[in-house]
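First up is the structure itself, then whatever we jot down about it.
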Amino acid sequence: PAAPPADEASIFTDLSPAELRAVRSFLMSRPELGLSPSRGGPLAKNTLFLVELLPPKKRLALRYLDQGGPRPRRQARAVVFFGGQAEPNITEFAVGPLPRPSSYRPLRFKGGRAIPFTARPMTQLEYELLHRTMVEAMEPLYRLLRDATGFWYHNCTQRCLTFSDIAPRGLAPGERRSWLVLQRFVEGFFLHPVGLEVLVDHRDADPRRWAVQRLWYNGQYFSSPQELADRYERGTLAVARLAEPPSRQLFSSYEPRGHFATGTPTDVHGAKVCEPQGRRYRLRGNWLEYGGWSLAFRLRSSAGLQLFDLRFNGERVAYEVSVQEAIAFYGGHTPAAMQTKYMDAGWGMGSVTYELARGIDCPEAATYLDAHHLYDADGPVRFAAAICVFELPTGVPLRRHFDSDFQGGFHFYAGLEGQALVLRTTSTVYNYDYIWDFLLYPNGVMEAKVHATGFIHATFYTPQGRRYGSRVHSHVLGNLHTHLVHYKVDLDVAGTGNSFETMDVRFENISNPWSPGARVVAQPGELGRPWPWHAWVCPRPALGPRRYHLAVTRHHENEPSSSSIYAQNDPWEPLVSFEGFLRNNENIEDQDLVAWVTVGFLHVPHAEDVPNTATPGNAVGFFLRPFNFFDEDPSVASRSPVIVRPLDAPTFSRLDIQRWTPASPGPCVAPGPFTYNGTYRQQ
């Protein structure tokens, strides 16, 4: 079948700024919803938190794409916080039809459960109110913080402290208690904890009822700021005195310092990616084509990149491949560290897609695309250059062979240069930066990959803390943690009716058929073995999807994702129960199947994670590879190989060189200085 035109892929494209504004205006105009602006005002009000595309149901999309059926109605998903009523709650709505919405209806989670108000993600307004609470609560600690750190929180204008909050926010459903790690507000403040952690209860809709419940300072617990202040004034407190931070070349900054021993130059440009004869891919809206590949993509504000309708040579391979969740489990001696279980969809993982720097985050020659999010804002916010697309030389041949004559010559050499098309975005979830890649190779292989970089989540060093990490600086402990990333892979290989099989290899002793009496070891493959469902124990139900390297389920329209933006703040009773996807014990033979894939790694922080974790060695992912799907390697259709044959063996003075690309590649460096903007503004 032929690949669909780009306009058909638009059923999967993200909402435009005009559509986002139209949805917001329509909902704000409904008197029964009683919506107020998100920014400013009280916390106890009804606000529109999130608007993004509500993708069409799969059966409707396939009917349209494959059978000429009606085009699915374009709709938005809207998340409303109803905080200004007697029983606060969160409700999600389907709003449409777009571009001129005229109706809305509530969306239900599987099982029909209501969304508790305490499960909501944090908002800018709640952070501002939390800051005000801290300003007042830290007043008794002014002298201690000033004397010990040179910085303070109360009545601060320049030498200020800030905080990082951790989650889950409590120990049971319905709680909203956050541990805050206080840090010096300098460049790279994540690496500057001062030894004070504060537990604030901010569950009540009235911030005047918020309260500090506990404090931890330099290894000891206190019941109130005043108790800690009194201990300091009496001289009975073990004070952690920090040195004055330098004004230049701070250890947490990117400023160059030191020298390489070899003296080879680093103050000149290194190797670059170039396109000598222009782009070899085609991008039309959200429809991307490269070699045999074609696909539609979008960038969800809630969870990140999502691919639809992946085809190779016009035949669908997968209906959807998407990022679902990224989590990090931490260990530590301080209360904040031992409590930290980050689930980044709850922090707007798909909405923190800041500008990609040309030549660093992506090659200068890449195509850059803007993203528009309406997430905790009073209108769409433009994130310039949030996505990039580029062809990447892999640095290794896709395939090659040197056919030696074993007499100093050869029969032929053949090779095909290695290249892949990369679709990339990033998520900066406070301290950590995730680099999300989907790579398309000419031989029908797709790779999903994520690199982890940015600042480590660090706490104050104490001798007891060394069991849980490494001392990466004088007063800084890099806490041990595990990264796990979850993907949805809705494969439709030669149609929606698929089965799941594995191949095992075992050793077998047999008689040698050509030498009687001798024994040989054979390795026959066995197809169709059942998958071993071994799971590791998981402490909270919301983390269920990450218990499995691979889980395979039947496709259901009411199971669109394995996590939610609410799991972070209510992991004990999650709205989306992935275990429920598995417990129904459905037949998965010749059915429409979804593979749920978990990849991850253990990160033991070390001094070389300062100032930032480096990408080499901190990347994980998976491949989709054809297995007897094609008659041969489909990259034989590429016109990029080189074949060399000798014409006068054994002298080899004349060669027949075959290639199908121009002999001279042309210029490879684009003129013009480096530019960068970095802004993202409401439009």
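Just so it is clear, glycine is given a Cβ too, placed from its N, Cα and C backbone atoms.
Sequence annotations record features per position, and here TrEMBL assigns domain 'Copper amine oxidase N2-terminal' to 19-103. On the 0 to 100 pLDDT scale, the domain 'Copper amine oxidase N2-terminal' (19-103) averages 97 in this prediction.
Among the features that TrEMBL reports, domain 'Copper amine oxidase N3-terminal' is placed at 120-219.
What TrEMBL records for 272-509 (among others) is domain 'Copper amine oxidase catalytic'.
If you take the C-beta of D344 (active site, proton acceptor) and look for same-chain residues 6 or more apart in sequence within under 8 angstroms, you find E325, A326, I327, A328, S427, V429, Y434, Q568. Annotation comment: TrEMBL describes D344 as active site, proton acceptor.
Taking Cβ-Cβ distances under 8 Å and a sequence separation of 6 or more, the neighbours of Y432 (2',4',5'-topaquinone) in its chain are A328, A452, T453, G454, F455, H457. Among the features that TrEMBL reports, 2',4',5'-topaquinone is placed at Y432.
Annotated active site, schiff-base intermediate with substrate per TrEMBL: Y432, in sequence order.
What TrEMBL records for 547-635 (among others) is domain 'Copper amine oxidase catalytic'.
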